[in-house]
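What follows is a short report on a single structure.
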Amino acid sequence: MPPMQARTLSVYNVMVPLVCLLLFFSTPTHGLSDSEAILKFKESLVVGQENALASWNAKSPPCTWSGVLCNGGSVWRLQMENLELSGSIDIEALSGLTSLRTLSFMNNKFEGPFPDFKKLAALKSLYLSNNQFGGDIPGDAFEGMGWLKKVHLAQNKFTGQIPSSVAKLPKLLELRLDGNQFTGEIPEFEHQLHLLNLSNNALTGPIPESLSMTDPKVFEGNKGLYGKPLETECDSPYIEHPPQSEARPKSSSRGPLVITAIVAALTILIILGVIFLLNRSYKNKKPRLAVETGPSSLQKKTGIREADQSRRDRKKADHRKGSGTTKRMGAAAGVENTKLSFLREDREKFDLQDLLKASAEILGSGCFGASYKAVLSSGQMMVVKRFKQMNNAGRDEFQEHMKRLGRLMHHNLLSIVAYYYRKEEKLLVCDFAERGSLAINLHSNQSLGKPSLDWPTRLKIVKGVAKGLFYLHQDLPSLMAPHGHLKSSNVLLTKTFEPLLTDYGLIPLINQEKAQMHMAAYRSPEYLQHRRITKKTDVWGLGILILEILTGKFPANFSQSSEEDLASWVNSGFHGVWAPSLFDKGMGKTSHCEGQILKLLTIGLNCCEPDVEKRLDIGQAVEKIEELKEREGDDDDFYSTYVSETDGRSSKGESCESISFA
């Protein structure tokens, strides 16, 4: 071989392996698939809750894993809450999730310094509250995170100054730093925040002028802070006071004049307002055959009327101005989108204007908003649910989650027909259920002169609820509590008393603080004791609902009046024998039913087991409920296990017609 060729071959033999080696070691983590990246991330975790991440395995796609939410097949949210997690957070592994936008590790046991989250530059929401992170957060910890909107670091052990980079985030909307040990002064924020909590730290110095109109509670527990809105402005040792003799005469001389002027102005405004309203009422007065709240009630109560009216006003103004019409209308259309987004293709389409023109009747209101029945001009009846506390996800995440819920199809679910997105509030449009909620049928029928639910109807409702809940657990495996808010007011009844679950799958959307205060899942024993939610949390909700259906007792009454809850009240009165005082008198007299009722009571108590490990899972609960019958069969010997020898009664041939629930 010629020397030149030999040298060339020698160089080739050396360079090719070297280049391959360099390529191997320089391959970034983001070359991994989502599945590989998450499994790599899992290796850095210590999981305290048994089987919490059992679904995380290569045999199934990551979008079906617990706590993993996807958008278009890519992972956009990891919701790892209440799992007793510790160890470290592998940022390099997470950087392989190129579509990741939300991280939540709240209510776990992570320790150590603040992870280098700035490597996840596309992140929009970061929730680390209620852990044990500590130490100073570097000033540049949030540099380059231009998309970050929500930062929740409450109830940790962070020290040092608030990082300057967090105050400079251009899109920041929420910042919770309460319950830490931050020191130094509060930085100037780039713009107004929707949510800010700096309470219970060791902050000092003046409150920035941009925060002078903030609720004082935001700054509670920081003894060294002064300035508006705190009352300690003039008593702070950190500022030099002017002589009080100079300030007081000026204040005292102007005070009465200012107050008089304000009172006079308010009086004039009130008088003008009353005259305007009376005049408008007179002009618009028309006879109607609508429901009691009138045609504009939905507009007023949903807050859409003003936006819609302003749009019409702009159109009129543009029409009068002539040449500027096209430009202004185009601009208005670009800013304001009043179109409903439909999730069901099998329904007759209508638009927001049809809803605004509809006669409306308020059905009820709760912690998250209110519900209205809207009767469209076609005669179609819809329910519009208004949510004001649904800002835990951005527009894209919200729409993707709505599509996921819209794909659910089961005869025991109330389908979401359409939705309307506004930054301030959201509207969900559903079908109208003729008999209203289970809560009304259980607790208000007698006072309204309507018949109570009998045993066969109650059993039918329990079976339907269980089936619907099981379906949710099968089709929403990534949610820790697929329903999350199961209670009697969130079960609606059709004309034939078929139950329909509603308000399911909303935990990822509801503001975290409000969810923890009001949603049913956060009242479970595991959350109250260990600050965690599990797959069996919905089962606990099912158990409480079963006990409510059988006893007629409203669960909320127990938490308000005593430390005892409904499950412990039933347990204290149930000794394995028939106890009429436990059951709702409204069930009346039925035939051959005691054994089946006691079976269901036992299932309900097993679903309410405080120890999560001993509690039934949803599959076991559904299987046992499906075995129940309206009346005893000849082959059923269950009742004998609940009848004491001294009682002497048997379900065989015994008619429940003689049983009184009084």
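Every residue gets a Cβ built from N, Cα and C, even glycine.
Annotated in Swiss-Prot:
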TOPO_DOM  32-256  topological domain 'Extracellular'
REPEAT    99-121  repeat 'LRR 2'
REPEAT    122-144  repeat 'LRR 3'
REGION    233-253  region 'Disordered'
TOPO_DOM  278-662  topological domain 'Cytoplasmic'
REGION    288-330  region 'Disordered'
DOMAIN    357-639  domain 'Protein kinase'
MOD_RES   Tyr527  phosphotyrosine
REGION    636-662  region 'Disordered'
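Residue counts for the repeat 'LRR 3' (122-144) under DSSP, helix first, then strand, then coil, are 0 helix, 8 strand, 15 coil. Residues 81, 98, 100-114, 116, 150-166, 168-169, 176, 392-394, 512, 531 of the same chain lie 6+ residues outside the repeat 'LRR 3' (122-144) yet bring a C-beta within less than 8 angstroms of a C-beta in it. Across the repeat 'LRR 2' (99-121), DSSP assigns 3 helix, 5 strand, 15 coil.
Its Cβ placed at the centre, Tyr527 (phosphotyrosine) has 20 other Cβ atoms within 10 Å. Under the three-state DSSP scheme, Tyr527 (phosphotyrosine) falls in the helix class.
Summarised as a single figure, the pLDDT of the repeat 'LRR 2' (99-121) averages 93.
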